[in-house]
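J.: Input: one structure, supplied below.
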Amino acid sequence: VPPFNLSSSAPATFILTGIPGMEQLHVWISIPFCSMYLAALLGNGVLLFTIWSERSLHQPMYLFLSMLAVADLTLSTTVVPKMLALFWFQAREISFGACLTQMFFLHFTCSAESVILVAMALDRFVAICFPLRYGALLTPSAVAKTGLAALLRSFCIIFPCIFLLRRLPFCGHNVILHTYCEHMGIARLACADISLNVWYGLVVPFAVVLLDLVLIAVSYGFILLALSRLPSRSARHKAFHTCGSHACVLLLFYVPAAFTALTQRFGRNIPPEVHILLANLYVLFPPLLNPIVYGVRTRQIRDKVVKVFVCPKSHLLR
């Protein structure tokens, strides 16, 4: 087979099995999954509406948070509706094109979220280390360019995966042992050498995420250094509190992502149902918990949510 034969024999449809060995429990598993998805939609929707409707929240920190909420909604919506259809109606079939589309948006959104988290770390770095230059450095234009950079970088990283998959012959193998389509799950069905897919899927995302983690670590290193020099204990506490929210979100995103990626490639002794359950929780937990973390820990957002939703009359009369 030529290395990039885009007209190779791809199946018309793939079959998603759900969670192997737990088919009898699919309906029961769907209840917490559906509840988490609806809560994620509500939480991120409330967050976006509050930031959009309150001019006082039109600041870089909250604009980055709204980008994160959009990415979270995209991530969960890319996967969960099809997963629930599989659990409830045994809708196992997915076309080759739809499978590639789901795979692309899944990995694309994860990559974009990583850039947004870097931007949020740099935002805190500038706010704490260079407070007098904050407004000059983080202008609305700079925030918009950061969002565009997140989209462009993610597209350039993930789009080649489509060509790496379309070049492969599948020889009738079309059963995916998962609840959704992802790069290596599709590649493993091919009846050809997939070493290029394995290396690209491992080296490129890990190199990019490692770069993001280095930038975040450097930002927080300077932040901690600056905080240690603050004379006021209340100022230190306030800065730590703001950074604590971001640190929680970082852990929620990177720890499950790293664990899922490593178990998929190296965890041969881990039962497949455990891996698939963890992979499903990965697309549900961050979208569910991110708005809760920021809503509970950030007083400005908490107050504005109450103002917009609990006291709407005062909000409208403002």
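Quick reminder: no glycine exception, Cβ is built from N, Cα and C everywhere.
Automatic, uncurated: that is what TrEMBL annotation is.
The transmembrane segment feature in TrEMBL is assigned to 27-49, 61-84, 104-130, 142-165, 198-227, 239-262, 274-294. Here TrEMBL flags 43-294 as domain 'G-protein coupled receptors family 1 profile'.
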J.: Hey, would you say the transmembrane segment (61-84) packs against the transmembrane segment (198-227), going by three or more CB pairs under 8 A that are 6+ residues apart?
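T.: Counting Cβ pairs under 8 Å (6 or more apart in sequence), the transmembrane segment (61-84) does not reach the transmembrane segment (198-227), since there are fewer than 3.
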J.: Given a Cβ distance threshold of under 8 angstroms, which distant residues of the chain, six or more beyond its ends, lie next to the transmembrane segment (104-130)?
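T.: 60-61, 64-65, 67-68, 71-72, 74-75, 78-79, 137-138, 146-147, 149-151, 153-155, 157-159, 161-162, 180-183, 205, 208-209, 212, 215-216, 219-220, 222-223, 226-227, 239, 242-243, 246, 249-250, 253, 257, 283, 286.
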